Amino acid sequence: MNLIIDIGNSVAKLAIFDKGELVEVFRGSNHSLDCLPMLCSRYPLKRGIIASVITLSNTIRHQLERLPFNIIELSHETPVPVTNLYKTPQTLGMDRLAAVVAANWLKPGHDVLVIDAGTCVTYDFIDADGAYHGGNISPGMRMRFKALNIFTDKLPKVSAKGEVPMYGQSTETAIRAGVIRGMEFEMSGYITHLQKNYPELLVFLTGGDEFSFDTKLKSIIFADRFLVLKGLNRILSYNDKL
């Protein structure tokens, strides 16, 4: 069995895979992986991989050192089963790389746009030949709500929950619709633009806010909350065969 660890800006996700199948997912602090001893006792783990968008804490490094098996710390030097065309691979978020690896593995031979709606929203494109072309980063939903409140004098902090009209008729609904509809139109714009050159484009939607948009977008969307974890497992399996 494989141990997959994805440390994000907000939380850490730990997953167990058995022969390519996702068995269980755990969520916890991104500063300490206290559930590791429990996972090691519960599952016959043989190998692992970790990807992090933040600097690993000393606590986590010590916890990883005590694991009874080898664990790969994913970096731009780790072999991956796609061609990475990013000009500064050392600055590329490993979660973004893992997501396109998963998309290419799940839908081989297809042009794919991966939208990851988390702390930030990332748009990453991998073509049918498995070449990753790069992508863009924009503010995530919570970041947008927070920015409107912090960087203005009178705009209130608004919850994402509530009415989302096409045109806000109060400051609260104007902010909520501005953020959520704005993200919806942003996503649709990227999809429409890519479809001009890649008419058979497929779209994967993942991240903490993915299910806010999977039914709003008109294109065929594959919503997969665990896309990054699947990509990390694919990378681990690929390296195990080298």
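Cβ atoms are placed via backbone N, Cα and C, with glycine included.
Pulled from Swiss-Prot, these are the features on record:
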{"type": "BINDING", "residues": "ASP6, ILE7, GLY8, ASN9, SER10, VAL11, ALA12, LYS13, THR119", "note": "ATP binding site"}
{"type": "BINDING", "residues": "TYR86, GLY93, MET94, ASP95, ARG96, THR171", "note": "substrate binding site"}
{"type": "ACT_SITE", "residues": "ASP95", "note": "active site, proton acceptor"}
{"type": "BINDING", "residues": "ASP116", "note": "K(+) binding site"}
(request) Measure from the Cα of ASP6 (ATP binding site) to the Cα of every one of the binding-site residues TYR86, GLY93, ASP95, ASP116, THR171, then give the nearest. (result) ASP95
(request) Pop the Cα-Cα gap between ASP95 (substrate binding site) and GLY8 (ATP binding site) into the table, whole Å please. (result) 8
(message) Between the Cα atoms of THR119 (ATP binding site) and ARG96 (substrate binding site), what distance do you get, rounded to the nearest Å?
(response) 13
(request) Pick the one among the binding-site residues GLY8, TYR86 whose Cβ has the fewest other Cβ atoms within 10 Å in this structure. (result) TYR86
(message) If you count CB neighbours within 10 Å, which one among the binding-site residues ALA12, MET94 has the smallest count?
(response) ALA12
(request) Using DSSP with the three-state reduction, classify ASP6 (ATP binding site) as helix, strand or coil. (result) strand
(request) Compute all pairwise C-alpha distances among TYR86, GLY93, MET94, ASP95, ARG96, THR171, the residues listed as binding substrate, and give the largest one in whole angstrom. (result) 41
(request) Using only the residues recorded as binding ATP (ASP6, ILE7, GLY8, ASN9, SER10, VAL11, ALA12, LYS13, THR119), report the maximum Cα-Cα distance in Å, whole number please. (result) 14
(message) Please list, in sequence order, the residues in the chain of ASP95 (substrate binding site) that are at least six apart in sequence and whose C-beta is under 8 Å away from its C-beta.
(response) ASP6, GLY8, ALA51, VAL53, ASP116, VAL228
(request) Determine the minimum-neighbour residue: among SER10, THR119, THR171, listed as binding-site residues, which Cβ has the fewest other Cβ atoms within 10 angstroms? (result) THR171
(message) Within 10 Å of its Cβ, which one of these binding-site residues (ASP6, ASP116) has the largest number of other Cβ atoms?
(response) ASP116
(request) Please report the DSSP secondary structure of GLY93 (substrate binding site), reduced to three states. (result) coil
